[in-house]
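Everything below concerns the one structure shown next.
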């Protein structure tokens, strides 16, 4: 029987091998004949078709190549859902429901017009045609047949039923007695046309027309004779005479002009058009019109008549508005960093560059138009709430309309000097004004909801608009009369509209196309253009719609802007920083002349910020400045008195505290500089007093503020005993200074900001506590009297004025170098970009990118030298200004002060003296001390007094050093447990040499033995403190002496480290890991990470994209490299052509499918894995993204109307999506109409509420009179409202503030320490804190994924260069459980069908296979002992613990009947075992999660009321258990005891198949086979993890040592007879039944007997079958060799094995414990073997199923094409096949 089984298997080897080739993808070979034009697709059969016909589900090519496999229609068909107001075509297209069965084929497959479709129609409120079709009532009797048989035009002068008022004789109508209205022609014709006979009767003969006196015609009726008129005439009130009808009054009777003639009319056309043969339609002369439209990534055009497409611009970031005139096309582009630009490009010149003409002052341009007379560009800026205009080169720009709310579209009428725009804000309307911005008035404001776009029909003088909310197109005359609806019901999701001839054209996001219809009737609707990307703006260009008129601006009468006005003249305009002179033609400065100076290394850039337009940038190079003037810049300060700047640079020396600082004055006008003083000491921060010509410096060592007078070079000082001044800013004209203090030099607490007098006197005023720093750049704006403070680490900018202190901006990345110009605050962030915001009106989120400083590095050499911690990236911005400042007494001969003149608030100024001197009686002159106070000591020379505490301080303060005599040692009287400082002070002895200064003279840290720092630590130079090396050169001083930020460019990193540009050393494993560890991202730079580096592991193939894969994955028919390179040059009987995608194409994930880039993020799934629609942004910031990818205004969310079409805007309306208008609460201020505003916009002098309710009431008195707030105070119309600074919240009394414990908000990824007003995050030993200071990064090698696919088990790294290593081939066998052991670098997996558990050591390739569990499913590994906890899903259903090396298992838990276990997990640290039990109740699953210790004792149910718990994982850092629930599609978490249970993730469509935790991010594999990760701390965001579609299926695990920290194994100290497992405190011995026994004890013999019986049975079977086995093996080998040799010769050089199903080695196995008889035969003639060289497999079965399995397999049918069958034979029969391709 066994021999038959072997022959049966062998006979199918070749068919299986051949069938495996069928997995290879076959590409069609292109048979191109001639090249098609742009916009056309070339069929393989040679013909050309429009590109939009490709992949539309209809064969247009003869050979059908336009619908071939590249279209990838595949599974998306069954998932498309159309909205309720749509009809779903058979080809899955969605069309408006009104277009179903309307006698027009709107579906591309014509499925909307199938036979019998009229049976499904409901013609309510419509006209019913004879055949059952429906048409609009407006189309009845309009002179055109709309019903198939034309019955909508029958009896048009005799409606079926009517009233007496509408059934009139003058209209050739007759009213029957039954109210039926019939034609006069059929009255008295001897036929009953009325149906009641009332149209016939005696009266038809009794009355005579001769006596009627009719002017024209007469008709007999039963009621008497009636007069009628000829066509074209109308019967008058006398019912006898006729007058001519003016047909021209009928709407739409002519395309353009109409001329009335007696009895008729004639249509005429304007000069630029001609009348077509229908005598009604006007056709434009001078060639075809061009329809231009934007599609996010490109600007496209189409010739309207020929429908030929062409491209104008491609590879754009986000094009929105578009316009075209003459030789240029213009568009607005939304840049990646969020700011808008206006770009122009020459038309019909594909190679012409894109010229950015407007770069500054734009936010969101949705509408743009060009005045073809002046060439000016007009635009609507939705986010800046304005209408603006620029010259066509962007040189001059200005704002015309400032107070509009949400402008979206703009249309120009140059012939009348007018412009129109739509506004969909709080009060939707359409407005009109002159093109110079004057005479603004509301044009339409009734029945408008979302007017999205406006356009003008110039010949007919009508304005058209499209309303995206009411889904309607309307029009009105330009005089405001005759408003009409053109089209409704069919409009879906319009964006922009234009008009030309008798057609309307609009872009529609629902169909991703351009639609068109008749502009009068709405008829002839169709989709003109279909596109992959959403179309944005549309624009029509033709000379006929842009008639020339005299240009009044032709002679350049204006110095800047010249605009048309409504008086057929012109108006001059100026940029925002200028105003018109009295001559109304020239411009003058309206503000003080000021601009910015950007300094980056040697580059000095004059940056002219004019708020709107194109900034003027000039680069200066100062050759006459010495080289060292550019080194180590530590501060740049503006001097508004002279218009110059003060430059400070550090001259480094060793030791650091002996460094000096040079102060230079730079003249930006003459580009000259001079050194004014050298400070021979180190200072922390510097500020300049332009009134007294003083430099204020903070000295952290002496805990003082030192003032240096630049006139006399003399110095005075203010000392602070208990705190250290660090940061300083001055307001000289107000005699104020702002100083940030820290508790002490070595304190880790936050900074406290105070307001003080500049003379150091008087009481201090607290401004803010709890500032984090570690840097605190400040700037005081003298105009607004506002202090701006940047808290670097949290990314806040605060503003402080007399009115309030508030957060101006948040969420910034290390904002530094603050300055102000006008109403704008400027700063630089770590991305090397200059940002600005209007500090008077800005919201907390508003900022604008002004200038990209990184572009300056393109042609620059880097600045040599050290970058100090004060100068993060050697970039500064200051405001150059020269103001008329009133003269001050200090400016007159230094106030007659002999040394220092200090501005003072009360007495104008005071004179100050250096230490050791005092003012004389004249209060001007400083003299030496003659008498010393009791707290002073008088030196014997020069009459100098010193402080008494300066005695014996180790510093010679007296000229002769008498204060430091040998007697100093005996002066002190310190206790035995104290240390005496040199100055005589006593401190605790344990504070001596603790790396912190406790003696005021710092003598406690002298002559100390240096502490020994670890190899991964850095020792501070002066304080000798040890800090982690990772904190070196991170721009945050951690050493008190700042030495960790010193000489960073000279730092040498070890061979295992990578050096960042700023000198920071990071582990090499952090390089190219997709995580920026260097502050500037240098460790992830493309030139490093995409270089041609060989794969680090042997037997790996290097893909061209940098990825590495196992050699065994080559030529397997699967695209493992993701670029197809692993499937090139493969020997096969089928030639496969893999295409290399071009730069303008997108490759679908894991395939060789190349798609045009414009299908990326087009709202439709074009790739098999839908990866082209991942990480996309479809909607603008003020819009809501529907689930169906539609975009609607946020105002429509939760307004009880289904605006999305899929009702997603009305979901979760009791939660976070509630519409703020519907809500009763606002976070801050609520306007009377319901609008919410931040307090910063309330009572600020600007009407921000639509009704102005934010500027009324008590705005003038709030917070100024009886201010009861103890924190911040906000002005409101209702009075003062108290608030708190960041880090605090209002207390219960709503007046005072209390600290927020941010740690309770789970803001840190691991551990958190709350501080007053702030918090600090820190990490466990196996992690380091990231640059964001909140998340922790695991130390060690890169994290690796262990994944299960259909074919194998793989190991993958997820970084810029992923490595995919095939660990073990599965050949179709399903893996039921998976886990890893990072300590031993092993992978474990189970298979419940064949009862196997395998362990693979990744390092040694050693494989252990055991068959000691009948049906093993879920498993978990205890990484300390190596034990495996597994669920045995046999009839007993238990959880066992197994030692694979010993081949032993013990039963720990018995599961209840009808319960199943789907997940098991262990916590080796806390010694817990968790599992989920599942049962089916009432047709739905229910689950509970149970917990025991690792011996199976102390069971507790920690969670119940669950659905189907499939996966579990543990966060060992935070001791949290996570589980996924398939039924409820959620992921939940709880503590180990079940407390604090909560839902952490809700999945909408899919459920999580497998979950894991790494670095406090939850990784989950969803049922659509996509791997994602979600942060479980802070703002919990999720992202897709791209590891390739072919690299995982159902199961994965994460391998990293930080997840399984090594611990000593307590079982090593135990001597167990059977097995050792972990227990709470240590370990314990157990027997096979799970019972615990003492160490060195023996298990109960009864327990072992069961096991022995099993062994004996196996041995008996083995003995009986031994002889037969040898015979069978010999025969089998002979037959198999012949079989293989035959097929090998048959296919020699013809193909290469491409499947994992090919045979490489045969293991003969007779199941037994006795391995001595095992025979292994290797067949080297095969292409590959299962086990790699050095790889070993050990089989340890407990039962012998061989004979029974062989008999069963002999009866099986041929299922060889399935890999699973091979594994069945491998496990259950006498032989099995193992393959490991190379």
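Every residue, even glycine, has its Cβ placed from backbone N, Cα and C.
What Swiss-Prot annotates here:
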DISULFID  123-134  disulfide bond
DISULFID  129-147  disulfide bond
DISULFID  141-156  disulfide bond
DISULFID  167-181  disulfide bond
DISULFID  248-258  disulfide bond
DISULFID  254-267  disulfide bond
DISULFID  974-986  disulfide bond
DISULFID  993-1008  disulfide bond
DISULFID  1103-1121  disulfide bond
DISULFID  1179-1191  disulfide bond
DISULFID  1198-1213  disulfide bond
DISULFID  1231-1249  disulfide bond
DOMAIN    244-283  domain 'EGF-like'
DOMAIN    1012-1049  domain 'LDL-receptor class A 7'
DOMAIN    1052-1090  domain 'LDL-receptor class A 8'
DOMAIN    1225-1260  domain 'LDL-receptor class A 12'
REPEAT    327-374  repeat 'LDL-receptor class B 1'
REPEAT    1519-1561  repeat 'LDL-receptor class B 8'
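The sparsest Cβ neighbourhood within 10 Å, among the listed disulfide-bonded residues (129, 134, 147, 1008), is found at 1008. Counting in whole angstrom, residue 974 (disulfide bond) lies 70 from residue 1249 (disulfide bond) by their C-alpha atoms. The number of other CB atoms found within 10 A of the CB of residue 267 (disulfide bond), across every protein chain shown, is 20. Using a 10 Å Cβ-Cβ cutoff, residue 181 (disulfide bond) registers 22 neighbours. Confidence annotation: the repeat 'LDL-receptor class B 8' (1519-1561) carries a mean pLDDT of 88 in the model. The Cβ of residue 1191 (disulfide bond) has 19 neighbouring Cβ atoms from other residues within 10 Å, across all protein chains displayed. All chains included, 20 other C-beta atoms sit within 10 angstroms of the C-beta of residue 1103 (disulfide bond). Under the DSSP three-state reduction, residue 1191 (disulfide bond) is assigned to strand. Cα of residue 141 (disulfide bond) to Cα of residue 986 (disulfide bond): a distance of 110 Å. Of all the disulfide-bonded residues listed (974, 1121, 1198), 974 has the fewest other CB atoms within 10 A of its CB. Sequence-distant neighbours of residue 123 (disulfide bond): residues of the same chain at least 6 apart with a C-beta under 8 Å from its C-beta are 134. The candidate set comprises the disulfide-bonded residues 141, 167, 248, 254, 993. Of these, 254 has the most other Cβ atoms within 10 Å. According to DSSP, residue 248 (disulfide bond) sits within a helical segment.
Calculated from their C-alpha atoms, the gap between residue 1198 (disulfide bond) and residue 1191 (disulfide bond) amounts to 14 Å. Note on proximity: of the disulfide-bonded residues 986, 993, 1191, the one nearest residue 254 (disulfide bond) is 1191, by Cα distance. Ranking the disulfide-bonded residues 986, 1231, 1249 by how many other Cβ atoms lie within 10 angstroms of each Cβ puts 986 at the bottom.
In terms of C-alpha distance, the listed disulfide-bonded residues 129, 167, 248, 993, 1231 place 993 closest to residue 1103 (disulfide bond). When the Cα of residue 129 (disulfide bond) is compared against those of the disulfide-bonded residues 986, 993, 1121, the shortest separation belongs to 1121. Under DSSP, residue 181 (disulfide bond) is assigned to a strand (E or B) in the three-state scheme.
For residue 1191 (disulfide bond), the spatially nearest entry among the disulfide-bonded residues 147, 248, 1249 is 1249, judged by CA separation.
Counting Cβ atoms from all protein chains shown, residue 258 (disulfide bond) has 17 others lying within 10 Å of its own Cβ. The two recorded residues, residue 1231 (disulfide bond) and residue 248 (disulfide bond), have Cα atoms 50 Å apart. Closest in space to residue 1121 (disulfide bond), of the disulfide-bonded residues given as 147, 258, 267, is 147, taking the CA atom of each residue.
In the three-state DSSP classification, residue 254 (disulfide bond) falls within coil.
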